[in-house]
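A short write-up of the structure that comes next.
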Amino acid sequence: MAVTEAENPLLGEITCGTLLQKLQEIWDEVGESDEERDKLLLQIEEECLNVYKKKVELAAKSRAELLQTLSDATVELSNLTTALGEKSYIDIPDKTSGTIKEQLSAIAPALEQLWQQKEERVRAFSDVQSQIQKICEEIAGGLNNGPHVVDETDLSLKRLDDFQRKLQELQKEKSDRLQKVLEFVSTVHDLCAVLRLDFLSTVTEVHPSLDEANGVQTKSISNETLARLAKTVLTLKEDKMQRLKKLQELATQLTDLWNLMDTSDEERELFDHVTSNISASVHEVTASGALALDLIEQAEVEVDRLDQLKSSRMKEIAFKKQSELEEIYARAHIEIKPEVVRERIMSLIDAGNTEPTELLADMDSQIAKAKEEAFSRKEILDRVEKWMSACEEESWLEDYNRDQNRYSASRGAHLNLKRAEKARILVSKITAMVDTLIAKTRAWEEENSMSFEYDGVPLLAMLDEYTMLRQEREDEKRRLKEQKKQQEQPHTDQESAFGSKPSPARPVSAKKPVGTRVNGGGLNETPMRRLSMNSNQNGSKSKRDSLNKIASPSNIVANTKDDAASPVSRADPVMASP
């Protein structure tokens with residue numbers, strides 16, 4: 001029973017005293033000696049001391065660790081506040097009294113808060129620095145300098161603001177560079193469109209990221225890319241300038257050849273894309289394909305083709321202009337020698353010593369001068385036409401007056417009667433017409449310092465001959481009238497003495513058609529020659545008839561050419577050989 005209680009000492013309340021009491025009871029039962037008991041008690045005491053000693057050592061060690069932890073926490077707190085630079089924003093206890101654990105408990109919340117801030121600040125620094133490093137690598141051309149390291153000794157907001165300002169500057173620089181790259185790419189695109197070049201291959205040769213399929217933010221903005229883009233743009237602009245210069249030269253040649261060869265508008269429209277830029281500046285040429293090589297080659301082929309046709313076409317155009325010049329002279333009744341002029345034009349073109357443009361320009365100048373001269377002669381020529389028309393009417397009137405049947409009731413007689421009335425009025429103005437024409441002609445000759453010729457004959461000579469013939473006609477009429485009076489005077493006296501006798505029937509002359517002038521003997525004989533021939537053949541009666549039929553101005557023109565002793569010839573409008 002005692003053994004069982006000894007083996008279960010923990011059944012009751014266990015203390016050192018109860019244990020010692022139990023030990024005494026056991027020794028009493030066993031019969032241990034006092035020496036043995038003292039020895040055992042001493043051993044127990046030593047073992048208790050060792051236990052206490054170990055506990056003290058453990059407690060001391062724990063205290064030291066707590067002190068070290070407190071010290072480390074204090075240092076960490078100091079370092080964090082220094083690194084973050086935000087001591088004023090953290091509730092940090094200043095007192096050093098109280099137990100170690102109390103001090104640790106007081107520091108722990110501030111330390112935890114600073115650790116959180118540090119982690120957030122490190123992430124912010126890491127994010128900013130990574131963006132800065134990325135942009136710097138893009139500007140440097142994609143050089144990777146390795147992962148960035150955040151300096152945790154200085155995590156202050158001031159330093160973070162500095163990094164953020166630097167990031168903003170780099171972002172602005174990146175934006176500016178990207179904008180510049182896009183401008184370069186757009187310029188390259190426009191130039192390639194005008195020159196009809198492959199835009200994609202052109203920009204990808206500079207950098208693969210410049211392909212339009214790639215996003216804007218992925219395009220290279222490095223110094224090398226910008227430099228190569230600038231060089232590409234410069235090369236394309238020089239190419240554009242050279243092509244435009246070549247195209248304008250071809251356009252000028254085409255225009256000259258067209259003007260030279262009088263090319264139709266339909267043929268010219270085929271090369272509007274060439275001539276439309278003949279005076280354009282480089283920046284004004286923006287149409288797609290306007291300076292393509294194939295268009296320039298087409299223009300070159302057309303210029304070569306026109307050059308080959310130029311000689312034959314030149315002769316055709318020159319003769320056409322010569323015909324125009326001859327027509328102007330013909331309308332102005334100016335006599336030239338067209339055969340000689342055409343031969344000289346042919347020889348000049350075949351020799352090739354004269355530029356076609358100069359030749360045609362000279363002919364155009366002659367045409368302009370001919371038109372001016374024709375215009376200056378117009379008033380006189382109009383008066384000449386009126387004079388000739390009046391003379392024709394006078395000739396018709398004389399034929400009409402000699403017609404014995406003019407008052408008959410034949411068909412159209414009333415029309416001839418009206419015409420005769422108008423003709424008499426017109427004939428009465430002929431003298432004034434001639435006088436005015438002479439005055440106008442003399443004034444023209446004084447103004448132009450040259451003789452006024454009509455179909456190669458001086459007009460004043462024609463008018464003088466006409467005036468002379470008209471005066472002879474008037475004199476002849478007066479002479480015949482006086483002669484007739486003298487012949488009729490004896491008959492009048494005889495009739496008054498013995499009475500009148502019926503005269504034999506007057507022979508009826510052959511009926512002549514009225515309205516057509518009859519100049520028996522031909523229109524091309526000179527009045528003086530015709531008068532001379534008629535006088536020799538028919539005597540005074542023929543001479544009288546010739547004077548009554550005054551020569552028309554057209555006959556005077558033809559005959560004055562033959563009879564003029566010193567005709568005034570007009571210089572042929574022939575281009576001077578260079």
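Cβ coordinates come from backbone N, Cα and C, glycine included.
Matching 200-228, 461-489 against Swiss-Prot, the residues noted as coiled coil span 461-489.
Feature coiled coil, per Swiss-Prot, maps to range 235-257 of the set 97-119, 120-142, 235-257, 373-395. According to Swiss-Prot, the feature coiled coil maps to residues 64-84, out of the candidate ranges 64-84, 421-441. Within the model, the coiled coil (461-489) carries an average pLDDT of 88. Using a 10 Å Cβ-Cβ cutoff, Ala420 (site 'Microtubule binding') registers 17 neighbours.
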